[in-house]
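Among the features that Swiss-Prot reports, active site, proton acceptor is placed at H263. As annotated by Swiss-Prot, domain 'AB hydrolase-1' applies to 35-269, with the evidence given as sequence analysis. Swiss-Prot lists S111 with the feature site 'Transition state stabilizer'.
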Amino acid sequence: MSAITEAGSSKFIDVTEGEINGSIHVNDAGNGDEVVVMFHGSGPGASGWSNFHRNVDAFVDAGYRVLLIDSPGFNKSYPIVTKSRDGAYAQAAKGVMDKLGIKRAHMIGNSMGGATAMRMAVDYPEMVGKLVMMGGGSVGGSTTTPMPTEGLKLLQGLYRNPSMENLRKMLDIFVYAPSTLTEELINGRFENMMRRPEHLTNFVESLKASGGRANYAHLLPTLTMPTMIIWGRDDRFVPLDLGLRMLWGMPDAELHVFSKCGHWAQWEHADKFNQLVLNFLAR
């Protein structure tokens with residue numbers, strides 16, 4: 001069994017692609033011929049490792065090479081203010097793949113990372129094998145829940161007023177069972193958030209510059225790659241009806257819903273998630 005560490009898999013790749021011109025941090029693990037790229041969400045202090053540390057070993061053990069990309073403006077990647085957001089994050093991923101000589105990979109994205117994965121499928125379909133999106137994908141507003149949701153309000157409030165108190169408020173509704181969040185995880189997230197204050201202010205500026213998240217709902221019928229949509233029934237950040245919209249719109253999609261699950265399916269139900277997605281990729 002693998003024992004991948006953050007430090008042992010860490011590398012930096014200089015990327016010049018579109019509006020991206022800087023150093024992108026990547027955790028690169030495994031040496032399989034098939035590659036899986038994982039994209040993190042948008043919460044303050046988010047990183048590829050913090051989002052997917054419960055998943056990377058299982059995928060490497062199954063024979064995949066795994067890339068956890070810190071999107072520009074997050075964690076160890078270079079700071080940026082971007083108007084296109086998803087477009088810039090996809091450009092960064094393309095640049096990383098090009099530098100590493102990877103022509104095609106499966107894309108897995110959580111929340112904002114789901115929108116990044118979808119943007120990869122829109123802009124660079126030839127580089128995308130299968131697509132997996134959890135609690136995200138950027139297909140407009142909910143028809144069942146007032147927007148922005150309580151979770152997104154807390155997230156944006158944390159960016160504007162970063163503190164341990166506000167972080168705990170957000171994390172309390174981030175997962176179904178907040179008692180499962182360890183002090184080590186919470187403290188690590190706080191330290192990561194406060195280590196790069198420029199990322200926090202830049203994210204707020206990017207929100208203003210972009211005018212909100214893009215809506216790819218009209219493009220769903222063109223995304224023909226096999227797709228698995230995964231949602232938490234109890235997600236208080238991105239409502240489940242958006243997953244249903246994606247299911248209805250994409251030609252080759254399936255939806256799996258975890259009960260007793262919030263916005264972090266790959267962490268809250270890691271073992272089941274790993275097996276579900278590995279089975280999907282192996283078909």
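Positions of Cβ are set from backbone N, Cα and C atoms, glycine also.
If you average pLDDT over the domain 'AB hydrolase-1' (35-269) in this model, you get 96.
In this view, the residue listed as 'active site, proton acceptor' is surrounded by 27 other Cβ atoms within 10 Å of its Cβ, with every protein chain counted. For S111 (site 'Transition state stabilizer'), other Cβ atoms within 10 Å of its Cβ number 28.
The two recorded residues H263 (active site, proton acceptor) and S111 (site 'Transition state stabilizer') have their Cα atoms spaced 8 Å from each other. DSSP classifies H263 (active site, proton acceptor) as coil under the three-state reduction.
DSSP assigns S111 (site 'Transition state stabilizer') to coil in the three-state reduction, placing it in neither a helix nor a strand.
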